[in-house]
Amino acid sequence: SVGFKAGVKDYKLTYYTPDYETKDTDILAAFRVTPQPGVPPEEAGAAVAAESSTGTWTTVWTDGLTSLDRYKGRCYHIEAVVGEDNQYIAYVAYPLDLFEEGSVTNMLTSIVGNVFGFKALRALRLEDLRIPPAYSKTFQGPPHGIQVERDKLNKYGRPLLGCTIKPKLGLSAKNYGRAVYECLRGGLDFTKDDENVNSQPFMRWRDRFVFCAEALYKAQAETGEIKGHYLNATAGTCEEMMKRAVFARELGAPIVMHDYLTGGFTANTSLAHYCRDNGLLLHIHRAMHAVIDRQKNHGMHFRVLAKALRMSGGDHIHGGTVVGKLEGEREITLGFVDLLRDDYIEKDRSRGIFFTQDWVSMPGVIPVASGGIHVWHMPALTEIFGDDSVLQFGGGTLGHPWGNAPGAVANRVALEACVQARNEGRDLAREGNEIIREASKWSPELAAA
């Protein structure tokens, strides 16, 4: 009988299509699939494709009202993971029409919205996404990008230096502003609100913004350099967030900050649009990322969150350090650092990059190295991250035995010494400690650090 038949059927009959030629407009995903015992990998891969696109658990008569061939996700390739028992990489292609233009929120809802709780899978991890130009062009992307930021700040040929103001909670606004001033006066380019500083009883946001702006202008006048403080605009509602961003602009602040995962992509994209329209730089913190990306076999790899952020919009994003207190492997980290900064990134599995990604001149995002780093790490950081980065020393600045400003001086001297040594052709990896020692002869602040 040709007619409609109800009943449960295998996904792989419809959604596993190994001979499919991927289109240039498809969004491609690489999933790490761990099927339940007894579930063949093709069925598991097809189930992922189905549940994250057009499928449901049974045949429904309304399937006849649409063209599945046009709209279904397809699992087009499966490979076993070397060295892992019962783990596979399933490659899925999604037709562009499944996604709303300019909405990271909708893209993630579709691709990772429902399928991660699926019974046939023991675990599932989204390792990488290929965003086609046809889709990325519907996004504004970062408000300004790397070159525009350098021109705004008038700082070239070196990484930028930042510092998170500690203790992160408990300072009054006036004392907070004082710490900001000391760090900037000492030689840092930026200071930063901690990600959990929003507007608490001991320091309301407006007071903090005012004192930080005062610190900025004073440090700028005394050093002749442009300074910034990441004013955290993250709030409980989008309206309140925008209110804070507007106030930052009225104070003449150059940069605001947002926690993009806890704040959400919808809020983040709105803020990014405001920042471009009003000449504010946007610093992005990735609070909550480890909840999503730390498990090796379940969740989402940070490189996906990084790509999503570049589409949603941000000028800086925290991306691990390779050397500090938080986890991050060197090649993998450099992989997503390139995905953030570069225009065109070749597929390279050794760096965790599953697809060639062409951003077609979408502005880049500056990676921020932050967390447990101090002056002895400076040569390594300069070498690993290169010029287009922000190196952030929190305790590494404020923990200086002589105080905040000397701590800032020590960091700036160390950075300038490393950049000069690199430009003279010296090997930072080998001679790093020696370079820092030489510099400390001329800088008592660095010697004390």
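Glycine too: its Cβ is placed from the backbone N, Cα and C atoms.
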To which of Arg204, Arg206, Arg286, Arg294 does Swiss-Prot also attribute binding of substrate at the site defined by Asn114, Thr164, Lys168, His318, Ser370?
Arg286
What number of additional C-beta atoms lies within 10 angstroms of the C-beta atom of Asp194 (Mg(2+) binding site)?
18
List, in sequence order, those recorded positions among Asp194, Glu195, His285 whose Cα sits within 10 Å of the Cα of Lys168 (substrate binding site).
Asp194, Glu195
Recorded positions clustered about Thr164 (substrate binding site) [Cα within 10 Å; pool: Lys192, Asp194, Glu195, His285]:
Lys192, Asp194, Glu195
Please give the substrate site's span as the largest CA-CA distance among Asn114, Thr164, Lys168, Arg286, His318, Ser370, to the nearest whole angstrom.
37
